[in-house]
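Q: Okay, here's the structure, questions in a sec.
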Amino acid sequence: MSKFKLPFLRKATTLNDYELSKENIPEHIAIIMDGNGRWAKKRGLPRFAGHREGMDTVKKIVKVANKYDVKILTLYAFSTENWKRPKKEIDYLMKLPMEFLHTYLPELIEENVRLETIGEFEALPPHTKQAVQDAIEKTSRNDGLILNIALNYGSRYEMTQAIQAICKDVESKKYTIDEIDESALNQHLYTHHLKDPDLLIRTSGELRLSNFLLWQAAYSELWFTEELWPDFNEDLFVEAIRDYQQRKRRFGGI
Ligand code: FPP
C-alpha cells in the first residue's frame, strides 16, 4: 500500500446505483492485477493463497466485463520479469491457468468468451501451454468478449522482436527503410489484431506500467486504485469506467 494518499487513487465504494453511459463503454480494458502477495501477507497466509484468490477475482471480473459489454479484457498474469521469482511461486503461477480453465472453461464457452494470449507462449511449461491451447481452440468460434491473458509478456521484448522482424523484411526487400511506419511496427506486435486499450487499470497503489503494453497504451486512460487485486470488484470496475467516461480523450489534438 502506498504511504501517500494521492487524490486520484480511489477507495472502494458502492456504486451499483450509478448509471453508466452505454454509448461510451471502453471497448478494450487492460488490467495490471497487482497486490496478491500483499493481500496474503496481511492475512498471515503464504503468497500463493493471494494468487489463488486473485484467480477467483479474474473469474468475477470476466463476468462483470461481459455484463458491461466490454469487448476486450487484457489481463497481465505473468511478465517476462516474473521468472526472477522463487521457483515454487513460478510453478504455482504456471499451474493457475490450468486450474482456472479446468473449473471455468464450460462457463467461458457458455458466456461466448473467446480466450487469447499475448506473450512468449513457446517458453511456457508444456502443461500450461496444453491447457491454454485447448481452451483457445474450444473458444475460437465464440464472438463475445475477448479474454486476452498476458502470459510471459514483456513490452520491451515484444518491441525488440518486432524490430528484428522488420529488419528481416527490409533485408529480404519486402519494403524499404523509408517505408517503415507505425503500422509496420504495430503489425508485428502480439496485439496486431486488437484495438489499443482505452482504459488501463492497475491495482495495489503502484503507479507504473511495469513493461505492460508500452506501445499500445500510448493514449490509454490510466486508472489506479489502492485496493489489492483479490479485493477488486464490480464497484471498482464501474468506478473506473465512470471516471473514464468523464475524461476528454484528445489524442494529442485540442
Ligand atoms: C502481481 O501481484 C500478480 C501476479 C504476478 C500474478 C497475477 C496472477 C493472477 C491474478 C492469477 C491469474 C489467473 C489466471 C487464470 C490467468 P504480486 O504477486 O506482485 O503482489 P505483491 O506486489 O503484493 O507481492
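Every residue gets a Cβ built from N, Cα and C, even glycine.
This is the feature table in TrEMBL:
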{"type": "ACT_SITE", "residues": "Asp34", "note": "active site"}
{"type": "ACT_SITE", "residues": "Asn82", "note": "active site, proton acceptor"}
{"type": "BINDING", "residues": "Asp34, Glu221", "note": "Mg(2+) binding site"}
{"type": "BINDING", "residues": "35-39, Arg47, His51, 79-81, Trp83, Arg85, Arg202, 208-210", "note": "substrate binding site"}
Q: List, in sequence order, the same-chain residues at least six positions removed whose CB sits under 8 Å from that of Arg202 (substrate binding site)?
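A: Those within reach of Arg202 (substrate binding site), by Cβ under 8 Å and sequence separation of 6 or more, are Ile31, Ile32, Asp34, Arg208, Leu209, Leu222, Trp223, Phe224, Thr225.
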Q: Per DSSP, His51 (substrate binding site) is which: helix, strand or coil?
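A: Reduced to three states, the DSSP call for His51 (substrate binding site) is helix.
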Q: Among all the protein chains here, how many other CB atoms are within 10 A of the CB of the residue listed as 'active site'?
A: 23
Q: Could you state the CA-to-CA distance between the residue listed as 'active site, proton acceptor' and Gly37 (substrate binding site) to the nearest Å?
A: 13
Q: Using Cβ atoms only, which residues of the same chain lie under 8 Å from Glu221 (Mg(2+) binding site) while being at least 6 residues apart in sequence?
A: Pro26, Asp198, Leu199, Leu200, Asp243, Tyr244, Arg247, Arg249
Q: Measure from each Cβ of the binding-site residues Thr80, Trp83, Arg202, Leu209, Glu221 to the atoms of ligand 1 and list the residues where some distance is under 6 Å.
A: none
Q: Can you check which residues sit near Gly35 (substrate binding site), meaning Cβ under 8 Å from its Cβ, same chain, 6 or more apart in sequence, and list them in order?
A: Gly50, Thr203, Ser204, Gly205, Glu227, Leu228, Trp229, Pro230, Asp231
Q: Tell me, if you would, which residue among Trp39, Trp83 (binding-site residues) has the fewest other CB atoms within 10 Å in the structure shown?
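A: Sparsest of the binding-site residues Trp39, Trp83 by Cβ contacts within 10 Å: Trp83.
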Q: In the three-state scheme derived from DSSP, which category covers Gly35 (substrate binding site)?
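A: The residue in question, Gly35 (substrate binding site), is coil (DSSP, three-state).
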Q: What is the number of other Cβ atoms found within 10 Å of the Cβ of His51 (substrate binding site)?
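A: Looking across every protein chain shown, the total is 22.
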Q: What's the number of neighbouring CB atoms sitting within 10 A of the CB on Thr80 (substrate binding site)?
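A: Within a 10 Å radius of the Cβ of Thr80 (substrate binding site) lie 18 other Cβ atoms.
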Q: State the count of C-beta atoms found within 10 angstroms of the C-beta of the residue listed as 'active site, proton acceptor', not counting that atom itself.
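A: Total other Cβ atoms inside 10 Å, all chains included: 18.
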Q: Just checking, which of Gly37, Leu209 (binding-site residues) has the fewest C-beta atoms within 10 Å of its C-beta?
A: Leu209
